[in-house]
């Protein structure tokens, strides 16, 4: 929907929040507004992408003494509005966020459990002076915040938060180490010591300089034996989730990879009697996604628009991308995602994506690999750079905390179901810290709202409560979800082997990426200020026999360097990186 920002405590002016919102204008080009509410005043602001009640749904929006600003969508706002009207509430707009204001006025934070949506909300309660920062259950929408010196600042993106010159930019080297090892950093941590992320399913409450935390939703774990057959329920929920997420006053499309998940979304669109174009990235590979996406689109009667990208496109996109990144996300899948969102933005304002189904239904091979330690398997499978060497290169001492933090978190859950435990780690860590930020960034750069109907909380709660062997019987990846869609999705798509969305970096001339990285390492103002470049060069030489790993490591270090220049030393690189090589 937009980007939001706000401030409370000393220096919380509307001028500051307007400046923060200006840094979010790509997320919301349709309106920019900041207001002061309460006494002492709290400033709330928005850069709005108008999707629901385009003309009338301006934010921030109030109900009595409650004022709300929100990013994302409340998909069941129609049903909630009808209930509220029956209880005497009167509405001024058709906005879904106004529904939240009335619900909160009536029942406080207890209302959050009623919401079906993807959202980051800031709620000011004039009755108590509190500001509540709320994030949706699975972390589809981001929200960064700081309370340095008792001054609350929050924003949808880190670069906007840093528009406050009083906010320290001190780097958390432990957080940076996690980013380099896993290419993502789970909430609440960020690479900056004084900035945090609101955790998925959590509320951060600020009052007079003090902060409290509470969790309003928990990711389920297996609760016993699986029902005999949930296939009909799965299929019905997919359709209903898409029904809700088709709600829009602007055009809607589908990100179509030709895989099971995106094709299931397109099938549900047709099942509901609607239509939407599909958008697919072409890497110009004979065994790529395009042929399957075209098969799915033809079978379901949808037009297909494709976008071909190559390595030159990647280098050209990098400087601007790095300047917009809240964190140095190391997944090169951001490149095709950026490209196809740019193409889709010419036609639509909302995109439905199949993101998330692999993490909840068991779509990755690591879920069934032998080995009793889910945490070590998670780290081994996702690590790009060796943790012990990263810590040495950053001058950190002591044990390896990335692995230990994950192990402590999983121990608190207490499940002995290895497959379910591995999915739990992906669902609570890499999904909200890597895949969903990637989708949010690449879509919002082009003023697009990306929705993820397969992460409707009802589907998440159904899947996560099932044992791993119910979701993957006999070790067959995602078999329950696949069988639920048999007869709906073309067999050729259902039976297609799993493919990732990452571009072929090694085929795109990884040597050129390496040349750019080496030249940047020799230029002051980059991550070499804290990361020993000698160790970094050794990483790239050590695995020369594996060109794909070398290319990925080069990419991770390159993005980290460009991000560092843009946000930490404030010396962003501009121009075309293709010319640097």
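The count begins at 1 with the first shown residue.
Placed from the backbone N, Cα and C atoms, the Cβ positions cover glycine too.
TrEMBL: automatically predicted annotations, no manual curation.
The number of other Cβ atoms within 10 Å of the Cβ belonging to residue 2 (active site, for GATase activity), over all protein chains shown, comes to 29. Look at residue 2 (active site, for GATase activity): DSSP puts it in a strand. According to TrEMBL, the active site, for GATase activity annotation covers 2.
The number of other Cβ atoms within 10 Å of the Cβ belonging to residue 96 (L-glutamine binding site), over all protein chains shown, comes to 27. The annotation L-glutamine binding site is assigned in TrEMBL to 96.
In the three-state DSSP scheme, residue 354 (ATP binding site) falls into the coil class. Under the heading ATP binding site, TrEMBL lists 255, 281, 353, 354.
Feature annotation from TrEMBL assigns domain 'Glutamine amidotransferase type-2' to 2-209.
Reduced to three states, the DSSP call for residue 281 (ATP binding site) is strand.
There are 26 other Cβ atoms within 10 Å of the Cβ belonging to residue 281 (ATP binding site). Comment: ATP site residues 255, 281, 353, 354; largest CA to CA distance 14 Å, whole number. Residue 2 (active site, for GATase activity) and residue 281 (ATP binding site) are 25 Å apart (CA-CA, integer value).
Every protein chain considered, the tally of other Cβ atoms within 10 Å of the Cβ of residue 255 (ATP binding site) stands at 28. Cα separation, residue 2 (active site, for GATase activity) to residue 255 (ATP binding site), rounded: 20 Å. Less than 8 angstroms from the CB of residue 354 (ATP binding site) sit 255, 257, 259, 260, 261, 262, 263, 264, 265, 452, 454, each of them six or more residues away in the same chain. The domain 'Glutamine amidotransferase type-2' (2-209) scores a mean pLDDT of 96 in the predicted structure.
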